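These come from TrEMBL:
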- 13, 14, 15, 16, 17, 18, 130, 139, 140, 203: ATP binding site (BINDING)
- 34, 39, 60, 61, 62, 88, 89, 90, 91, 95, 164, 175: AMP binding site (BINDING)
- 133, 136, 153, 156: Zn(2+) binding site (BINDING)
- 130-166: domain 'Adenylate kinase active site lid' (DOMAIN)
- 33-62: region 'NMP' (REGION)
Ligand code: ADP
Ligand code: AMP
């Protein structure tokens, strides 16, 4: 297949950002994380960022019209012609239907959905140990994925790390509930379209990646 247009699915903490980093390096496609776009807008205190913050702080989804608009704008850019990987979008059936319309209008239809499956109990623990490079956004974990040199980001060499506000236990529980409710219909939607590939995300980061790569290599 000439162009890879992917959706990366999975509950919060399933490993989407971690795997996305490796996928875009290998397959040279554009990574679009709606969560990253919102965090950047919040940091820059844009109008959209301030609007999104009220929802994100509570672990709720940002309204569809805002999120769909962001994705439409990003998928319209020329660099997407090489292929894209959506991470954290769509998150509900309405967004999945919006993506159908957007991608077909742009002639950039999704050709595979990778669903990283991990038991929600494990995810709650994972999120409490997550920390992120402030310079480039690379994701680490206190127990499972430390930088090779302590205090130095493997990707950009930065030394400044932070924990996400929405990774605190009270917010994590609500985020998990909100996302679990939406997840099953979304899985069914892509299963019916014959696009879904479900991966066991409860194994070492490299082994998860091997499974994903073997699927993408065959497309
Ligand atoms: P998501 O983008 O799906 O929310 P992340 O990629 O940020 O998830 O991963 C959540 C946390 O779990 C991070 O701290 C990450 O380092 C860690 N992590 C990711 N994949 C695994 C894995 N297979 N095993 C253990 N920890 C993992
Ligand atoms: P993430 O980085 O994917 O965990 O997203 C962080 C937060 O951003 C979520 O808890 C939501 O509040 C918001 N968000 C990210 N993607 C979406 C989306 N597709 N729809 C609505 N809200 C989103």
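Just so you know, glycine gets a Cβ as well, placed from its N, Cα and C.
Whatever TrEMBL says is automated annotation, not expert-curated.
Features as recorded by TrEMBL, highlighted on the structure.
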residue : record              : contacts (Cβ under 8 Å, 6+ apart)
15      : ATP binding site    : 116, 118, 201, 205, 208
34      : AMP binding site    : 62, 67, 70, 71, 86, 87, 88, 89, 91
60      : AMP binding site    : 174, 178
130     : ATP binding site    : 13, 139, 140, 141, 163, 164, 167
133     : Zn(2+) binding site : 139, 140, 153, 155, 156, 158, 160, 161
136     : Zn(2+) binding site : 153, 155, 156, 158
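A simple Cβ count within 10 Å picks out one of the binding-site residues 89, 140 as the most packed, and that one is 89. Neighbours of residue 62 (AMP binding site), defined as other CB atoms within 10 A of its CB across all chains, total 19. Applying DSSP to the region 'NMP' (33-62) sorts its residues as follows: 20 helix, 1 strand, 9 coil. Taking the Cβ of residue 17 (ATP binding site) as reference, residues of its chain lying under 8 Å away and at least six apart in sequence are, in sequence order, 33, 35, 36, 87, 137, 139.
Secondary structure at residue 140 (ATP binding site), taken from DSSP and collapsed to helix, strand or coil, is strand. A Cβ distance below 6 Å to any atom of ligand 2 is met by none of the binding-site residues 15, 17, 130.
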